[in-house]
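Colleague: Got a structure for you, questions after.
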Amino acid sequence: MSARQLFLLFLPLAFSNGLMALGETVVGASLSRWPDPVIALAAFGSAFNVALVIEGPVIMLLHASNALVRDRATYRLVRGFTIALGASLALLHALVAFTPLYDVIFRSVLHLPAPVASEARAAFIAMLPFTPAVGWRRFLQGIMIRQGRTTPVGIGTVVRFGTLLTVVAAGSVAVRSAVVPSAAVGAFALSMSVVAEAAYTHRVARRAVRAVPAEAAGTPAGSASLTWGQLLRFYWPLASTSVVVYLARPVVTAALARGVAVQASLAGWPVLTNTLFLFVDSLSMLQQLVIPYAEGPTRAVVRRVAVRLALAAGAAIALLGLSPLGELYLSRVIGLRGEVLQLVGTALGLAVPYPAGLVLQSWFQGILVRQKWTAAITAGAVINLLVLSAVSYTGVAVTRLPGLYLLTAGMILGLLAEGAWLALVARAAEGQTRAPVTRGLPG
């Protein structure tokens, strides 16, 4: 397979990620122009970060269905697991939203200022459908990607983006009339866009589902299919990885709430992460090429594609962080002003190494999923979180630097530390034929 063919497979996945990031950027730009923008941005970011922790376990369903759905039996098993997991997490989200757990998490643990915590509650409630919709969509997308059907993934994101724009446009009237809080409108727009994308994906994935064979090619007659125990041993480390990754967000929120320039840093953090997501995070989809293609002669081709994409993304962040283009983008496009504008602009300059770290992470995570050494991925995420926490909380305690700067440095150092760990373990994994954490997994 040529680099051009691989890039054409990657392009719809990258487009999907980029358009998702653009949607979050639209929400951030809208909040910055609506009433009380600093409170609204901080409340939206805080609610979104906690919602992502709850969503974390479903994220790796994309990897699971890509790697494991080989026949009708494995399809039914992973489908049932997806439904059970999504329903359980939706129930957990509701418990936090509608019980005193909310105050424990948002006021006591995260230590949010009272105005931010109050506005964040409506936003958190609005995100209740988010997790089950994302889980179902990613399960079906993994099946399509395994079959090389990546174009519908990109089209689904267009549906998502169009829905988000529609809801934001309608919600702006309610916000300006003081009917609902700004943060709640932004969160509701994200939720409805994900529900619309999941509905579209459900419809277009029927062809891919019908194409799943009754029996996997090359499977010996009478051999055992995937069992619940094997699925859980494979998936548990992946789910734990996602939870750890998203746990970093409330850790970040709590650190920002204890540092210098609290409200400006809380408002700037979602803008910074959305900007990185928009220009860089598509690199995380390289895993979906590494899993099926990083072997034999195509391995070098995948590596070349990864390096070129990393250089392009790094150049984009350097332009935003180290040239006047960054201030133009943040002030004119996003609508930032004053202290928040200055904080985010400087933080983008600190984030120039981020694309290189993300490529390292994506490449070696893909290798470890191929080898079914999924527990090592969880360990890498823990290392990332520990480094991020150490840099952030130590910096808050011993310096007077704004929390946004400290967290940006912690994010970069954590990602590079995780990449180094994954590289070390991936070398060992490729030297063996079976991962100890998933012994007995078919295929």
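Positions of Cβ are set from backbone N, Cα and C atoms, glycine also.
Pulled these features from TrEMBL for this protein:
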TRANSMEM  38-62  transmembrane segment
TRANSMEM  83-102  transmembrane segment
TRANSMEM  122-140  transmembrane segment
TRANSMEM  152-173  transmembrane segment
TRANSMEM  179-200  transmembrane segment
TRANSMEM  305-323  transmembrane segment
TRANSMEM  343-364  transmembrane segment
TRANSMEM  376-398  transmembrane segment
TRANSMEM  404-424  transmembrane segment
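On this model, are these features tucked inside or out on the surface, and what's nearby?
Modeller: Under 8 Å from some Cβ of the transmembrane segment (152-173) lie the Cβ atoms of residues 11-13, 15-17, 19-20, 22-23, 26-27, 30, 34, 137, 141, 144-145, 180, 185-186, 188-190, 192-194, 196-197, 200-201, 204-205, all in the same chain and six or more residues away from its ends.
If you look at the transmembrane segment (179-200), the same-chain residues 6 or more away from its ends with a CB under 8 A from one of its CBs are 23-24, 27-28, 30-31, 34-37, 39-41, 43-44, 47-48, 51, 119-120, 122-130, 133-134, 136-137, 155-157, 159-164, 167-168, 171-172.
Here the transmembrane segment (343-364) has Cβ contacts under 8 Å with residues 261, 264-265, 268, 271-272, 275-276, 280-281, 283-287, 290, 294, 303, 306-307, 309-310, 313-314, 317-318, 320-322, 326-327, 330, 336, 380, 402, 404-405, 408-409, 411-412, 415-416, 418-420, 422-423, 425-426 of the same chain, all six or more residues outside its ends.
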Colleague: Near the transmembrane segment (376-398), which residues from the same chain, at least 6 beyond its ends, have a CB less than 8 A from one of its CBs?
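Modeller: Contacts of the transmembrane segment (376-398) (Cβ under 8 Å, skipping residues fewer than 6 from its ends): 237-238, 240-241, 244-245, 247-248, 251-252, 255, 258-260, 361, 365, 368-369, 406-407, 409-411, 413-415, 417-419, 421-422, 425-426, 429.
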Colleague: May I ask for the residues of the chain that lie six or more residues beyond the transmembrane segment (38-62) and have a Cβ under 8 Å from a Cβ within it?
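Modeller: Tertiary neighbours of the transmembrane segment (38-62) are 27-28, 31-32, 78, 82, 85-86, 89, 92-93, 96, 105-106, 110, 112-113, 115-121, 123-124, 127, 130-132, 134-135, 138-139, 141-142, 145, 181-183, 186-187, 190, 235, 238-239, 241-247, 249-250, 252-253, 263-264, 266-271, 288, 340.
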